[in-house]
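Visitor: Below is the structure I would like to discuss, written out as structure tokens.
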Amino acid sequence: ENGHHNKRLKGDTGEEDAEDQNKKSPKRKIVLLMAYSGKGYHGMQRNMGSSQFKTIEDDLVSALVQSGCIPENHGEDMKKMSFQRCARTDKGVSAAGQIVSLKVRLIDDILEKINNHLPSHIRILGLKRVTGGFNSKNKCDARTYSYMLPTFAFAHKDHDVQEEVYRLDRETLDKVNRLLACYKGTHNFHNFTSQKGPRDPSAKRYIMEMYCGEPFVRENMEFAVIKVKGQSFMMHQIRKMIGLVIAIVKGYAGESIMERSWGEEKVDVPKAGNDGLHEPLEWTEEEEKIAVFKEQYIYPTIINTEREEKSMVNWLNTLPIHDFNSSVVGVHANHENSKSSSDLEGSDGCGGDSD
């Protein structure tokens, strides 16, 4: 008894009392609603043993440990806390509604304490209790992706446009939305990824909704956001879906190429430039927080990157090299022999299949 009493007296500090309280807190399965700016990170998913490639989950796990939500050894082995993400996001890709599920100690003021140990461009916006068997990846019934781009991407190739002066007219926006709506339903998207063959059943994907929103001006340049909602997406699928619509609107390809692309023949489908932001689930009470985070951290990053690096301009300059009428054999050979590091390194937020 004396030994125990002395030990307790030695640990009689506020910090150690809090640590003892944390250890007594019950472990429960929860989901966290996350928002983050992905610039400067090598994606969402943690790469154990690759410390030079910093990821969003590196910072998240560190904050969970420092706040007392999980023991340090759980951070080293994420399976111990049953950690699962709704979807992976790639290098530089942002999220406005990422969902992760995990087991934590339900400490007091848990959200505030986690956020206190996170950088300002990563925020936990909400928390919900779930059943012990809940898995955020497998239980997700739909994912919504947003792709923000400057509207001059839709200017016809025969028109000489100045990027900052261009404004999207109603007729062109209507055409864009008519083409995007063609993707709705179930189609074979084998031409929209490098991973699937034309007879692979998993190449069939169901798209619930796809449209381009009203344009808006930021720093004298006009932008628009394309949203697509589907059950799951394959590597490069969304960027190729948008890239093909841009190619049609600009006059590089005829509209018939969309129907052809869902058939068995190999079609050369261009992959639009950088990814946009990722919004897997809707949490009604947190919608205002999500909107504020987008305006404060995500949109400025996309706008500054476009203005400084001219990523869309550079990608548009590659469209003329695509031959939308090539033979099956010719296109297939070109595709297989021209894989670059950019073709292999990323996806539309999924890091591959998001089934």
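Heads up, the Cβ atoms here are built off N, Cα and C, so glycines get one too.
Annotations in TrEMBL come from automatic prediction, not curation.
Copying in the features that TrEMBL gives for the protein in this structure:
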type: COMPBIAS; residues: 1-13; note: compositional bias 'Basic and acidic residues'
type: REGION; residues: 1-25; note: region 'Disordered'
type: ACT_SITE; residues: Asp90; note: active site, nucleophile
type: BINDING; residues: Tyr145; note: substrate binding site
type: DOMAIN; residues: 183-262; note: domain 'Pseudouridine synthase I TruA alpha/beta'
type: REGION; residues: 334-355; note: region 'Disordered'
Visitor: For a three-state summary based on DSSP, what are the helix, strand and coil counts in the domain 'Pseudouridine synthase I TruA alpha/beta' (183-262)?
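Guide: With helix first, then strand, then coil, the domain 'Pseudouridine synthase I TruA alpha/beta' (183-262) has 25 helix, 26 strand, 29 coil.
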Visitor: Inside 10 Å of the Cβ of the residue listed as 'active site, nucleophile', count up the other Cβ atoms and send me the figure.
Guide: 23
Visitor: Given the model, what does the mean pLDDT over the domain 'Pseudouridine synthase I TruA alpha/beta' (183-262) come out as?
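Guide: 94, rounded to a whole number.
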Visitor: Whole-number Å only: compute the distance from the Cα of the residue listed as 'active site, nucleophile' to the Cα of the residue listed as 'substrate binding site'.
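Guide: That separation, Cα to Cα, works out to 13 Å.
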